[in-house]
Amino acid sequence: MAAISARPLTQKALKVASPDTLHLVADAPVPTLDQDDSVLIRVVCVAINPVDGKSAELSPTPGATSGTDFAGIVVALHGDAKSRTETADTIKTGDRVMGFVFGNNPHVLGNGAFAEYVTLPRRFLWRVPDHMSLEAAASLPVGIASVGMALHYLHISMSSLLQAVSRSIAAASASQHHDGAFDSDANVFILVYGGGTSTGAIAIQILKAAGFHPITCCSSESASRAKRLGAAATFDYQSATCGRDIRDYTNDSLTLAIDCLSESASMAICYEAIGSAGGRYVSLDPFPVRGCVRRSIVPDWICSFTQFGQSIPWAPPYNLDERPDDHRLAEEWYHLAQKLLDAELIEAPTLEIRSGGLLHVPEGVAAVKLGQIKRRKLVYHISEEALP
């Protein structure tokens, strides 16, 4: 396997050229292994996320490599990482891994998923389980990270999640029936608005494994899959009584909601669905302030890039200071999520796989931005070469 000194010096990469424009560069520097646990990965597949197009349009950083989600093969480790004692859980050269990176990053222009190589700290990578393809793996990282961050912002502790997930894994390994009901969480509903989205589907599965009762708003086309993944009930977001129906179903007990669409209409339904005692609402994007119509509900929103321990120097409202708690939480969450992946408790979304490499990725970014990709995740092969 390639040593650090043998890695190539240049690579192909998609760079932000101007607002809403990505340009393929043939001789971009390969990112360096600066941190003591840095890992260099040969990118095999990437997935397209809404943030890829949104950030390039609203807060472009000319010269920065774009892209978030990827899966690939570890080709090199920082010297300090190589010298550490290896365990069964240690990521090493030759491993298949997946992760997401802060693309379009003003702090680090040369690191993004839309490239032949990417680097990340080892603690922010997941090993791809043997049962999972690299195409499927590329579709999951930012969704898994976002769900973990959302649960943190809902004030659900990692220790309680770990205990519940461990019971789910034990039940699954013993081929026992698992109904999702564990101890104090047995009657706790959590609303996932957008159960047909990739992140919403991941949230349903994780909440089910953690012993909650996930319920979801989604389209009628997405309802059957949401139920198969673990939703206790589905509600059609187009119904004029959607919010009231959820409140009736939960007997006015709903206190927690994750909004994967983060629009005025989705926020309104979440606010109507949350019971009279109030609760917490977390969106995956900045929410419209005019939607805060109930003082008993505490709203917040997440930006998963805060997990890396840096500020986010994008244009408002995405200009965020460092959030040390998010960074600490992420390290715990990655360990827990690896257990879920290994136990086959997280299923990848339906995929649309395209070839053509980096040259055609901007077409996919535009398609996602225009809403042309629905109920599936767009994945591109970056490297068609079989790696050792």
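Our numbering is plain: 1 for the first residue shown, then up by one each step along the chain.
Cβ atoms here come from the backbone N, Cα and C positions, even for glycine.
Given the structure is predicted, the values throughout are model-derived calculations rather than measurements.
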Inset, instruction - For the NADP(+) site, Swiss-Prot lists VAL51, ASP52, GLY53, LYS54, SER219, SER220, GLU221, SER222, LEU284, ASP285, ILE373, LYS374; sort out which one of TYR237, TYR249, TYR271 goes with them. - result: TYR237
Inset, instruction - Find, for the listed binding-site residues SER146, SER219, THR306, the residue with the lowest Cβ contact count at a 10 Å cut-off, counting only other Cβ atoms. - result: SER219
Inset, instruction - Whole number in angstrom, please: the longest C-alpha to C-alpha distance across VAL51, ASP52, GLY53, LYS54, SER219, SER220, GLU221, SER222, TYR237, LEU284, ASP285, ILE373, LYS374 for NADP(+). - result: 28
Legend entry - Residues near VAL142 (substrate binding site) in space but at least six apart in sequence (CB under 8 A): ASN49, VAL51, THR68, ASP69, PHE100, THR199, SER304
Inset, instruction - Across all the protein chains here, work out how many other Cβ atoms are within 10 Å of the Cβ of GLU221 (NADP(+) binding site). - result: 10
Inset, instruction - Rounded to the nearest Å, what's the C-alpha distance separating SER146 (substrate binding site) and LYS374 (NADP(+) binding site)? Just drop the number here, would you? - result: 19
